[in-house]
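Report on the following structure.
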Amino acid sequence: MGAIICGTVFLCDFRLSVPLILSLPSTVISLTKKEPLKCGAFSKENLLNFGFSSFDYVSLLNNVVKVSTVLGSKAPALSVKLAQALSSKGSSVINNQELKFDADSATYFLDSFPKNFDVGKYTFVFEILLDESANEKAYITEAQTKVPIAATGTISIENAEIAVLDSDVGSVESQKKLDLAKDGGVSLSANHLQKLRLSFQLTTPLGLVFKPHQAFLKLKHESQVEHIFLVKTSGKKAELVLDFLGLVEKLYYLSGKYEIQLTIGDASMENSLLSNIGHIELDLPERPEKAPLPPLQPTDPYSRYGPKAEISHIFRVPEKLPAKQLSLIFLGLMVLPFIAFLIGLTRLGVNIKSFPSSVGAATSALLFHGGIGAVLLLYVLFWLKASSQNRFLLVKDYTVHQNLIIISLNPAVGSVHDSKGTIFVGSVSVLLSSNYTHFFVSLSRFISSSLKANIDRSDGGRSLKPQSPLTTDTLPVFFFFLPLMMARGLARFLVSLLLVAICNAASVSQPISDSHRSAALDVFVPLDGSYKSLEEAYEALKSLEILGIDKKSDLSSGTCENVAKVLASPSSALKDVFFALSVNGILKCKTGEDVSKDIVSKLQAGAKDAKLLLDFYYSVRGLVLVKEQFSGTDLTLGDAEAIFRSVKALSQSDGRWRYSSNNAESSTFAAGLAFETLAGVISLAPSEIDQSLIQTVKTGILKLFDSIQKYDDGTFYFDGSEGPISTTASVIRGLTSFAASESTGLNLPGDKIVGLAKFFLGVGIPGDAKDFFNQIDALACLEDNRQGYFHAIYLFSVPLILSLPSTVISLTKKEPLKVKVSTVLGSKAPALSVKLAEALNSKGSSVINNQELKFDADSATYFLDSFPKNFDVGKYTFVFEILLDESAIEKGYITQAQTKVPIAATGAIGIENAEISVLDSDVGSIESQKKLDLTKDGAVSLSANHLQKLRLSFQLTTPLGLVFKPHQAFLKLKHESQVEHIFLVKTSGKKAELVLDFLGLVEKLYYLSGKYEIQLTIGDASMENSLLSNIGHIELDLPERPEKAPLPPLQPTDPYSRYGPKAEISHIFRIPEKLPAKQLSLIFLGLIVLPFIAFLIGLTRLGVNIKSFPSSVGAATSALLFHGGIGAVLLLYLDLFTTLKALSMLGVFLLFVGHRTLSNLAAASNKLKSA
């Protein structure tokens, strides 16, 4: 790549030319449409009319060819010439035709092509001839620009026939003539000893033999098994012979009916076809035992959305309940231990004199003992309710079992509590303390494992795979927009996708525009008013400065603080110092002041002692910035030549450089850094550097250009591990700096400079901030080529770019064709001329030749205001040439020799003689007929049966009255059950016609009688009035569906129905068990209350009092909460593990309030003893 000079040195003049670009968005020419070229903008209304065209969307691109600099600046005066047009065999069909220039639209055009221009592939060679003024302004362009052109047309299909031959002698058993433009109803039969022959002839519009890229025959068995056979062209005939004797194994020995379908397609063939010829009945031998079976056919993808089979749940049969008498006996046995327990307490002489008397302590004690009693009851209920398997698990899990037993001892311990407190001493206390510890350890393990399981299930999987890039935060974004796009219609989605693909494939180099400026504000967004590093700040500020966006005031405060901090610290790294000085040069944070001597010393020491290329770069370039920004600082490198040799020692023989002497790997990116470093050494040297060293560097630069990469369109770039954008930008910056500091200049080819400009413009708008900066900075180097440096002026070639605001010409609006020529940053181009060297139609014939475009000084555009009268809708290729004046060439402007641009001409297509009719199937007589106005929705009502036909016909004409064949024309029949059928409408001669024979379509229509809506769609990229017309409906009376006939496909459900109301769910619960009699329930209730009454009587006999209940508010509150918490445990009528989860929280609460209750009791006992 080339570089530009950002400065001048000493008393020298140096020139590196400015590249000019010629490009074409379309390279397809239609020989059928023969349209004249005419300029016109593509409006929003026109765009909406192209919803049903896919292949011809290339017509939607820009409609003019422009020659300009790489950033879109206006090109100087020049001319564009079609030097040569080569066919695929290498022979020349067009020579030295100069394109005409339209000054109004600033475009070049070609208005005629040779008569012998036929379909095929061509290579057009364009030349841009610069005027003397353009040469004086240092504009350059490629010597020649080669563009591949495809000429398309209507291919004639003749002498088509299909025959069954005898396998031995080759005699014809049966033969049928074919009209491949229409679906036929040919019926043949053969056995495995015969052959099938298909032959036809294809000729171009000039009558030459045409060999299509694809031609194949498909045999489809009634079991949906398909077989493909290629049709080859030999001589003047395309022929295929199938010998069934050798194909029986490939056909899987499947006898029966085979549908015959022929496909012919080619990029140069506008009437590619898919013809259903008919069918053939094959009688093949039976399949041998070890022969392969036919493959399984894929299922219908929409069947997954259909109704599902009803799910019937079978619940487990409930266990047989025991007799009621047995339950009552068991209940009594449960109560007996409690009565025995109370009798035992009486025998032991238990009293409750030590029970807390204060309200708080008493409450805590009650809650505590009540809670422990609830746990015991819970344990008993679980044991009774659980099955034998669950009981075994409970016993097996000894930890839970032991803890429940330990907790069950608490009521006994609390009950035998006497005033002396002696029963709490000894083994019972030790047992409780040890097992409570074990209990809480086990409980904590259970809680932690449960929480871990809940976390792992509730965080969406992030805790399991934190390294996965597809998290629950990013996946829903992608999977939301895709169904949203698809829900709006698959056809529109595919059309949009095709538009993007075509626009990318046929893009024209456009200069830097407002879209870059708008994108820069989104790419370079500071975080909290500042950037993460000074390097990011410099890249953002430099890019915004080049694009003319003033953001300095918004960023100066925080960024200048960082700059001052780095420049004031002697310990700052060389890289930080370099970028601090770079930012200071833009924001002017420190102006007119003396920079820190420590920083200068650090940079000088770094340049002297450096071993790495990056250390040389940051030190030397930092000193250059100090010299430029602080006028009072006199900096020179006394050992400049030694530093120059040290840096030069890192160079390689192929022009690339190493980062260090210890690293053998070389880099093109490092070469750019080295050139900038050497430029800085030269500018800081007290005396002139040895010219032999500089000449050696120049030789290395030329070798570096030997390794430059190139695309077929003349784009050049450098590649490396850092990426092509960063690598190419580094080389351009390095060559710019080196050429600015060196007095003899660089001799770099102009075509490579233009190619470098095309590379950066072809990138578009990068989304990465680093790439965005490299693109803008490199283009600025190509644009801003004149800077004062000491007392010399250095000139670097400035490339000019030809661009077009649109490549679609509307014949309806009669707009002129406009072309702009500018520099890469969009600056105004010098004096030049733009010539339309040639305009080729889709057939490759020239319709416009050597027309010079007129120039409009107010809008700085070149225009073509008139086109030939025979210019019709279609596709064209415009070849432009930019001719530079001498003044432009002297100023170093350059441009591409020729620029090819695909142009699409659109217009309003006439729709005439439209009618729909129902025909008799046998004689073809008209049963009913209706005239149609396809520009409006109609209300036509027809009726037919399976023995009749439906015919639709109409005529399409171009604005010049020629027959127009749309890219898409199809009829859709939509049954009232939402089943749709689409039929293509083909154009034959001057009429487009479709005939539907319902007798042959009954199976395709799934034997569905009823009302069918009729809808016609006509669309083409060249058709401004594409239509979607609802014609009306037809009532079809079809026979009943046979038993084995296929069912209609299931229709996809509405994607938005998932958000609607759901069907009501009706649960069927198990019939509740029969309740016992009321009298029995009352008796059972009395038995439950009796122990409590007996308990109260026992307390009275024992002389129980509540004098020890806490009297203070705090202690009483704690006691009440404690006993209330234990009582709350009684309410936990749940299964064991659910209860344990609840107890994990209640247990902590009971621990604290119980501890306080016991503390109050101990304090009261101590007071009693002391008294």
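Every residue, even glycine, has its Cβ placed from backbone N, Cα and C.
These numbers come from a predicted model, not from an experiment.
According to TrEMBL, the signal peptide annotation covers 1-23.
According to TrEMBL, the feature domain 'Ribophorin II second' maps to 65-150 (among others). Note on the domain 'Ribophorin II second' (65-150): its mean pLDDT in the predicted model is 80.
Among the features that TrEMBL reports, domain 'Ribophorin II third' is placed at 158-282 (among others).
Residues or ranges marked as domain 'Ribophorin II C-terminal' by TrEMBL: 315-385 (among others).
Residues or ranges marked as transmembrane segment by TrEMBL: 326-345 (among others).
The transmembrane segment feature in TrEMBL is assigned to 365-384 (among others).
The annotation domain 'Ribophorin II N-terminal' is assigned in TrEMBL to 512-783.
Under the heading transmembrane segment, TrEMBL lists 789-811 (among others).
Under the heading domain 'Ribophorin II second', TrEMBL lists 800-904 (among others).
Annotation comment: TrEMBL describes 912-1036 (among others) as domain 'Ribophorin II third'.
Residues or ranges marked as domain 'Ribophorin II C-terminal' by TrEMBL: 1069-1163 (among others).
According to TrEMBL, the feature transmembrane segment maps to 1080-1100 (among others).
For 1112-1133 (among others), the entry in TrEMBL reads transmembrane segment.
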- line: Across the domain 'Ribophorin II third' (912-1036), DSSP labelling yields 4 helix, 76 strand, 45 coil
- request: Sort out for me which stretch, of 512-783, 800-904, 1069-1163, has the most Cβ pairs below 8 angstroms to the domain 'Ribophorin II second' (65-150).
  value: 800-904
Message: Summarise the domain 'Ribophorin II third' (158-282) as counts of helix, strand and coil residues per DSSP.
response: 4 helix, 76 strand, 45 coil
Field: Helix, strand and coil totals (DSSP H, G, I; E, B; other) for the domain 'Ribophorin II second' (800-904)
entry: 5 helix, 61 strand, 39 coil
